[in-house]
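Marked as domain 'G-protein coupled receptors family 1 profile' by TrEMBL: 41-300. The transmembrane segment annotation in TrEMBL covers 26-50, 102-120, 140-160, 207-235, 247-271, 283-302.
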Amino acid sequence: MEPENQTTVSEFLLLGLSANPEHRTLLFGLFLSMYLVTVTGNLLIVLAIITDSHLHTPMYFFLSNLSLVDVSFSSTTVPKMLVNIHTQSRAIPFAGCLAQMYAFHLFGTMDSFLLAGMAIDRFVGLRMPIDRFLPIVYPLRYSVLMSPRACGLLVGGPWVVTNLQSLVHTCLMAQLTFCDGSKIPHFFCDLMPLLKLSCSDTHTNELVIFAFGILMGVSPLSCILLSYVCIFRAVFKIPSAQGKWRAFSTCGSHLTVVSLFYGTIFAVYLQPASPASSQKDKAAALMCGVIIPMLNPFIYSLRNRDMKAALKKLVSKAACSGA
């Protein structure tokens, strides 16, 4: 016999980051500023790469895709959070909740695959800041191995797989029944908080989450680790200390982002469950979905002469056209 409180839920309530109304103005201003910086910075990166022919290389192809995914990733959660804070309404429709969950896992997983693609590009060869090519592993075959077709497959393949993953999670979630008055202790709709609110048997959902988690988590991380093991072995064969440093410096931005992304995941999800787990989940989601997308344009442009030159050129064109 089914529980009495089992019913068809038309909407959920997102409890957000803080229940204290005094924090509303601070949170709204903080996350609006971060979102504007994220969108502006990443779109400038994309425009600079598109308009500068010198940046039409595999490395910047992956970077432009990463920037677009970061904008989408942040846009999945932050605008709705800002609306909820501003209107003091916590409601989100059931269909909107599923759509948000779909998009969050799509773009979050795609982020990791793009980082893996960038690692593979660095494994095949590194572009030096002085605008010349330093071969690391396969210098003569770089243009063949990292052809437009290969780069397209490294981006297009993960898009198919990540869409499939999100679609399976969403379809399984849509078949569940939820208890009346469902409150989600998060600032967006995520898989595990939703499963905890379900009145149905979630065993199948949990098995699928585990299977996809292993596949989607281990695959890109393994590519990244294997690529950098090969890169480090090749770099250590460079005779001069200056050559070693210059080779390592080209990987610095990517390693920084990888460390932030996976460091956050490991710090939160490799710890045993505790009463503070929901707060840790919020912190991880904020770091991966809000803070890192905001930092990426700075990380990839501050030490990159080509990117800084392209951004200055883009800004100059915009200023001249507006004058």
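Just so it is clear, glycine is given a Cβ too, placed from its N, Cα and C backbone atoms.
Please treat TrEMBL annotations as automatic predictions, because they have not gone through curation.
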Listed stretch, out of 26-50, 102-120, 283-302, that has the most CB pairs under 8 angstroms to the transmembrane segment (140-160): 102-120
In contact by Cβ distance (the transmembrane segment (207-235), the transmembrane segment (283-302); 3 or more pairs under 8 Å): no
Residues of the parent chain within Cβ reach of the transmembrane segment (102-120), under 8 Å, 6 or more residues beyond its termini: 59, 62-63, 65-66, 69-70, 72-73, 76-77, 151, 154-155, 158-159, 161-163, 165-167, 169-170, 188-191, 216-217, 219-221, 223-224, 227-228, 254, 257-258, 261, 288-289
